[in-house]
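What follows is a set of notes on a single structure, which appears directly below.
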Amino acid sequence: MKGAYTNPRFFLAMTVMLAMAAALVQAQGTRVGFYARTCPRAESIVRSTVQSRFRSNPNIAPGLLRMHFHDCFVQGCDASILIDGPNTEKTAPPNRLLRGYEVIDDAKTQLEAACPGVVSCADILALAARDSVFLTRGINWAVPTGRRDGRVSLASDTTILPGFRESIDSQKQKFAAFGLNTQDLVALVGGHTIGTSACQLFSYRLYNFTNGGPDPTINPAFVPQLQALCPQNGDGSRRIDLDTGSGNRFDTSFFANLRNGRGILESDQKLWTDPSTRTFVQRFLGERGSRPLNFNVEFARSMVKMSNIGVKTGTNGEIRRICSAIN
């Protein structure tokens, strides 16, 4: 797998991403290669840690990707989601089911041994999210680094995270507040091409949603399959793929499922039913008559934008020695 990082199919994309990353973050204090002198092995240590953990448990990939998203939307990308304690972000409902905290801790332990007090937990999380996408056969991109860690972590702040029933208008408002546009929204939600959801987050769509029947936006032929997986009054913690048929691969199958009425979360399916977002779904799918967009490249572009939300650099924030504890 290590050799795949030099696969020729990524050369062009990497050239584009390097130029784009430099342009996006020039004024924000992060840059590609921030640790080149102070901790040259920083990215390779994170990468090898994620690879090792992924081999034994592929479910950590979507967990790390979601974790980075949830971190950035609350207090900015400052690793505040990693802090332990009562009423911290980690304890909030949207974060209780996230997987991969131990991967960040493992990478941090190795980095502290190699370069004490140099690499931030926020950067580890950003790098791990990128590596998770690549390991699931998605794109590899240059991640600007140089973030510092925050000290504030409050569960009450997580209400800003988009919910699984949220309207498209509300989602767009939340993304716009961080400088992310509608295309960014669709691309980033496209990260649901990997990972799972608990039945408790969508089973309400299957029973008595409207007039005693299921959500009419679900393909009628798909309803029995979902009901078999998540029976009424069944185990709400049971998990199923968000991208049916391709839950372990980073690809455009998620968008094809939305087009076919096979979205799992209500908020995901709305990307197709709302005209303002459907256009981007069609473009990512390369539908005839649309102006095609390369999902992988645009996802990487949106990730670079998102990963610079509210970053702390320079003398702001700190470098936590243990990611789960404030120094």
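All residue numbers here begin at 1 and follow the chain in the order shown.
Each Cβ is built from the backbone N, Cα and C atoms, and glycine gets one as well.
Here TrEMBL flags His70 as active site, proton acceptor. What TrEMBL records for Asp71, Val74, Gly76, Asp78, Ser80, Glu89 is Ca(2+) 1 binding site. Summarising the annotation, TrEMBL assigns substrate binding site to Pro162. According to TrEMBL, the feature heme b binding site maps to His192. Taken from TrEMBL, the feature Ca(2+) 2 binding site covers Thr193, Asp243, Asp251. For Cys39-Cys115, Cys72-Cys77, Cys121-Cys323, Cys199-Cys230, the entry in TrEMBL reads disulfide bond. TrEMBL lists 29-327 with the feature domain 'Plant heme peroxidase family profile'. Feature annotation from TrEMBL assigns signal peptide to 1-27. Taken from TrEMBL, the feature site 'Transition state stabilizer' applies to Arg66.
In terms of C-alpha distance, the listed recorded positions Arg66, Gly76, Ser80, Cys323 place Arg66 closest to Asp251 (Ca(2+) 2 binding site). The record gives Thr193, Asp243, Asp251 for Ca(2+) 2. Within 8 Å of the mean position of their Cβ atoms, the other Cβ atoms in that chain belong to Gly190, His192, Ile194, Ser246, Gly247, Arg249, Phe250, Thr252, Ser253, Phe254, Phe255.
The separation of Arg66 (site 'Transition state stabilizer') from Cys77 (disulfide bond), Cα to Cα, is 12 Å.
Of the listed binding-site residues Asp243, Asp251, the Cβ environment within 10 Å is emptiest of other Cβ atoms at Asp251. Take the Cα of Cys199 (disulfide bond) and measure to each of the recorded positions Cys72, Val74, Gly76, Asp243, Cys323: the nearest one is Asp243. The Cβ neighbour count for Cys230 (disulfide bond), using a 10 Å radius and every protein chain shown, is 25. Candidates Arg66, Asp71, Cys115, Cys323 (recorded positions) were compared with Asp243 (Ca(2+) 2 binding site); none lies inside 10 Å Cα-Cα. Annotated pair Cys115 (disulfide bond) and Asp71 (Ca(2+) 1 binding site), C-alpha to C-alpha distance, rounded: 24 Å.
For the pair Val74 (Ca(2+) 1 binding site) and the residue listed as 'substrate binding site', the C-alpha distance works out to 11 angstrom. Using a 10 Å Cβ-Cβ cutoff, Cys323 (disulfide bond) registers 23 neighbours.
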